[in-house]
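Structure first, then comments.
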Amino acid sequence: MNQLSLLAEFGEPITRVENALAALREGRGVLLLDDEDRENEGDIIYSVEHLTTAQMALMIRECSGIVCLCLTDEHANKLQLPPMVINNNSANQTAFTISIEAKHGVTTGVSAQDRVTTIKTAANRDAKASDLAHPGHVFPLRARAGGVMSRRGHTEGTVDLMQMAGLMPAGVLCELANEDGSMAKTPEIIAFGLKHNMPVLTIEDMVMYRNQYDLKLA
């Protein structure tokens, strides 16, 4: 079965987006799938605004362990976060910056609580570059201007979802993994969503939603 038929129990594309936005406003997580011919993987996504230590612990336990903070290009510039590498030749051009740690309020930086502290410090509207140390255990990602309409990636999807939900334009993501360490695909992602009461949606759903409502996002 393909991605679309497996997702049918979560409703039609527009409904899937609306359910995801409602969940984010309520402080719950969502699962975002990219295109089948791209990574074909699903990321757990939480808003920074409502992020809890328990949610971070679940991400660390159930996912790849590489917890990323998705930021607008403007906010990443404000924090003076240069690219992780000068020549980004990765397949999907994921815009990693140098890693970060909060300068205050953390110990080793690797615990769930410490990562939440770092994330909330960095995403704060009044945050300054001097609030952060490098390297660290949180990996910021720059979302491309135009969101999923310009790049069909989880980074852009995350920031778009936060803006569409009326939340701070910053979110965290991590790729869902199976118990054996392999990456979860659509059937496992759907099962996880049902178990943990997380709506599942796709990048394509978001593109359709933005086109239908002619949404112009930063």
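In case you wondered, yes, glycine gets a Cβ from its N, Cα and C as well.
The D-ribulose 5-phosphate binding site feature in Swiss-Prot is assigned to ARG38, GLU39, ASP43, ARG151, ARG152, GLY153, HIS154, THR155, GLU175. Taken residue by residue with DSSP, GLU175 (D-ribulose 5-phosphate binding site) is part of a strand.
Look at Swiss-Prot and you will find GLU39, HIS154 tagged as Mg(2+) 2 binding site. Cβ contacts within 10 Å of HIS154 (D-ribulose 5-phosphate binding site), excluding its own Cβ and spanning all protein chains shown: 29.
Residues annotated as Mg(2+) 1 binding site in Swiss-Prot: GLU39.
The feature site 'Essential for catalytic activity' is assigned by Swiss-Prot to HIS137 (among others), with sequence analysis given as support. In sequence order, VAL67, SER99, GLU101, GLY109, VAL110, ASP114, ARG115, THR118 make up the list of same-chain residues 6 or more apart from HIS137 (site 'Essential for catalytic activity') whose Cβ falls under 8 Å from its Cβ. When secondary structure is read from DSSP and collapsed to three states, HIS137 (site 'Essential for catalytic activity') falls in the strand class.
Per Swiss-Prot, the feature site 'Essential for catalytic activity' maps to GLU175 (among others). Same-chain residues at least 6 positions away in sequence with a Cβ under 8 Å from that of GLU175 (D-ribulose 5-phosphate binding site) are, in sequence order, GLU41, GLY42, ASP43, CYS63, SER64, ILE66, MET183, ALA184.
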When DSSP is mapped onto helix/strand/coil, what comes out for HIS154 (D-ribulose 5-phosphate binding site)?
helix
